[in-house]
Amino acid sequence: MAKESTADATGERSSPTRCVGCGAMWSAKTNWPPVRITCFPISSPRIGFHPMRPLVIALLCFLPAPLLAQDMPLSDVLIAGQDWEVVAEGYKFTDGPAVDADGNVYFTDVPGQLVLKIDHATKQVTKFSEGEGGTSGLMFGPDGRLYGSQYFNRRIVAFDAEGKVEVIAEDLGANDLVVASNGNIYCTDTPGHQVWLVRPNGEKQVVAKDIAAPNGIILWPKEGTLVVADSAGKNLLAYRVEEDGTLSYGAPVYTCRVRQKDAPSKADGMTVDSAGRLYVATDLGLQMFDPTSRICGVFSKPTSAFTSNVVLGGPQLDTFYVTCGGGIYRRATQATGLRYGKVNEK
C-alpha cells in the first residue's frame, strides 16, 4: 500500500494514513505496532502493474471509507456478559449452519446423515431430512430452497420446504458450498483440490485448481469476490468473480493464526457481516478479520472440540451459531449478518 504517513518507534502515527488506490483513511494517533499495513499493490514505475490490484480493490471499495478508517476489535462485536449458549448437543459431527428468511437455522450431523432445523425463538430442534448422503454444507438460495453439498454421494442437492430432494449436480467432491443471487453455486472439492461452479441449468466446470485442501467457501456481500479456506495451510484464498461466473486473480489474502509456526489453520466454514468483517471457524476458534484482511482476534470456542462452521442467524441476523464437535452453540453479538439475493428481500 502506498502511504502518506510514517510511524515512530512507538508505533504511533503522526498523521493520517491513506490508501492511494481506494482512498480509505486510517485515523491519526493510533496505538498500532509499527507494522506494514497492506492494502493492495498499486501501479508505479518501480513495481509496475500487479495482477492482484483489481481483486483487492473489490475487497476494499465496496464499503464506505469510514468503515475502513478505524480498527475493528472484538469488542465491536462482543456483548458484555454474553457467552456461548448450548442449543443442542449429542450429535456425531455437526456442520453447515444456514439461516432461512425468518432467521431460523438449519445444520447437519454429517455421519448421522441428518439435516436439522432450529427454531430461533424457542431453540427447539426438529428433524428436517434424514439419510441424505452425509450432507455437509448448507445454504439457502435465491429461490428460497435449501441447497446442500453431499460429500459421500458426490453431488449437490436442493431441499424444498418439506425436505423433498432434487439433484442439482453429480460427480463432484462437494464439501461446502455458497449460492450466489443469480443461482450460481460454488463448491469446494477437497480431495480434488479444486473449486466447482455449478450453473442453474446444471452445467458445471472447475474454476480454481491446485488448492491443498479447499474447505469453507463464501462470497463477499456484493458477490464480486469469492473466499476459499485452505484447511492445510494458514491462508484464506480470495478470487475475483468475473461476469461469466468464472474466477481469476486467486491469491492468499487472509492469514489465520495457528497453534504453532508450521501448523495448519484447519480453516473451515465462514460467514461475512454487514460491516465487511469475515469470520472463519478454525482449530483455534472463530477468527475475525476486518475488511482490509487484517486479523482482529479469535473468539474462544464453546468447547474444546473442533469448530467447523459459523453463521449469523436470528430475525435480525445478530446471533452467531457455531457448530463445534457434536453440538451447536450460539451467542448474541453486535454484528449483523447478510443474505444473498431474493432471500434478503423478505
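Positions of Cβ are set from backbone N, Cα and C atoms, glycine also.
Keep in mind that TrEMBL annotations are predicted by a computer and have not been checked by a curator.
DSSP gives ASP268 (active site, proton donor/acceptor) a coil state; it is part of no helix or strand. Around ASP268 (active site, proton donor/acceptor), the C-beta neighbours below 8 angstroms that are at least 6 residues distant in the chain are ASP95, ASP176, ASN215, GLY216, ALA229, SER231, VAL280, ALA281, THR282, THR307, SER308, ASN309. The feature active site, proton donor/acceptor is assigned by TrEMBL to ASP268.
Under 8 Å, Cβ to Cβ, and six or more positions away along its own chain, ASN175 (substrate binding site) finds SER136, GLY137, SER149, TYR151, CYS187, THR188, ASP189, THR190, PRO214, ASN215. Sequence annotations record features per position, and here TrEMBL assigns substrate binding site to ASN175.
Look at ASN215 (divalent metal cation binding site): DSSP puts it in a strand. The divalent metal cation binding site feature in TrEMBL is assigned to ASN215, ASP268.
Sequence annotations record features per position, and here TrEMBL assigns domain 'SMP-30/Gluconolactonase/LRE-like region' to 94-324. Mean model confidence for the domain 'SMP-30/Gluconolactonase/LRE-like region' (94-324) is a pLDDT of 96.
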What is the Cβ neighbour count of ASN215 (divalent metal cation binding site) at a 10 Å cut-off, with all protein chains included?
28
